[in-house]
Amino acid sequence: MKLYDTLTKTNVDIDANEINIYVCGPTVYDHIHIGNLRPIVTFDVLRRLLEHSNKKVNFVHNLTDIDDKIINQAQRLNLSEEEVTKRYTSAYFEILDELNIKLPKIVKVTDVMSGIIKYIEKIYDKQYAYELDGDIYFDTTRIADYGVLSKRKLDEQISGIRVKSNENKTSPNDFVLWKKTVEGIKWNSRFGLGRPGWHTECAYIIDQEFKQKGFVIHGGGIDLVFPHHENENAQNLALHNKNLVNCWVHVGYLLIDNEKMSKSLNNFIYVKHLIESHNYRAIRWVFYNTAHTQPLNFDGTIIKAAQKDVEKIISTVNRFRTFLIANKNNIPSSSLVCEEFKKALFDNLNFANATKVIWDLIKVLNESIAYKKIDENIWAYQQLIWCLEIYGIVPDMIHNEQIIDQINQWSELLNNKDYEKADSIRNKLINKKVL
């Protein structure tokens, strides 16, 4: 398998039998929007693909549950910070479940605070950090390769930290490792009361979870390349003299009316609202027709088209299941590897080519129904189910005992040429969306 690596700007071979994946999670101060969802769905597909290819996958996902945004939201809602993070963490988990996302290992920042503090102390003791007005800053001038990921010249860069910048820093690119504060939840450290910087939280979790061993893929949105991922990498260079991961995979922007979707622009769509009005499979399908690295313009037409596509897929699967039963076959309980689909996704997650394979299989199933060649094409059904498993959108099995009995009655009536009664049952099956 090959994946495009942001750092080397080349396709990197993913040959290891055990793969470590880390994807930056949300700051749990609000519900996630559809732009937040794209990396989650993309890496869920990658995980499923690797696991279906007999790879062991260690997938870690963080939750940032301390941040100025959380403090501000708590004040707005007249809640404690813990109440805010609990509310939106629970909402996030509900969305992952409703969208059929295989749950990664979740690491909350507050659960690993003692380790983060020790991590900062190590950086400081190696003289890659300095104190300024009570805050601890990472000294980016000590890293010769600073900018290696984002390919930016130092004078083009900005700190991009989530707190107000100090003009007296050694370099404008220096970022906070430890922020002195009297507001909100805080921890004691040798640097005084405060809390860690955002960039350090993720860098520590990756270091702690994977121990600088194995093949590591780091994923996230393209907007995180700089400064977040650049600064994660800088800390690893300081402590271990090596880049943080083996492959950086960044997912393209989601656009609304050709503008980046973001809460700051107030042009976002909450995922929870989409789920209320659309099949979760359609929401996932939106991401399966465009290269994951490219921008995706989201509007009403794209979700409507996805809904229609998914309805066609579900209809074909259910109809084929019905004709399997009518032909006295069992519905296969196992799938078959679809090599063409796998080949497409192994080529840097080529969603366009992979999705074309699905439509080719749909065509085979529809033709097998039309020309009464069900038995000869069971393989196509099994391959289609395998593809849909990777995409996380396998149609539910709605052929219960009652429906199976009706299908058998319908088939028997047709064989006996009792067409009037057969049509009556056929209409019932159509209403149940299995014919």
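Just so you know, glycine gets a Cβ as well, placed from its N, Cα and C.
Copied from Swiss-Prot, the annotated features are:
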type: BINDING; residues: Cys24, Cys202, His228, Glu232; note: Zn(2+) binding site
type: BINDING; residues: Lys263; note: ATP binding site
type: MOTIF; residues: 26-36; note: motif ''HIGH' region'
type: MOTIF; residues: 260-264; note: motif ''KMSKS' region'
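Recorded residues Cys24 (Zn(2+) binding site) and Lys263 (ATP binding site) have their alpha carbons 17 Å apart, per Cα-Cα distance. A helical conformation is recorded for Glu232 (Zn(2+) binding site) in the three-state DSSP classification. Most Cβ neighbours within 10 Å, among the binding-site residues His228, Lys263: His228 holds that distinction in the structure as shown. Cα separation, Cys202 (Zn(2+) binding site) to Lys263 (ATP binding site), rounded: 22 Å. Following the DSSP three-state reduction, the secondary structure of Cys24 (Zn(2+) binding site) is coil. Counting residue by residue with DSSP, the motif ''KMSKS' region' (260-264) contains 0 helix, 1 strand, 4 coil. You'll find the Cα of His228 (Zn(2+) binding site) roughly 18 Å from the Cα of Lys263 (ATP binding site). Listed in chain order, the residues near the Zn(2+) site other than Cys24, Cys202, His228, Glu232 are Trp198, His199, Glu201, Ala203, His218, Gly220, Leu224, His229, Asn231, each with its Cβ within 8 Å of the site Cβ centroid.
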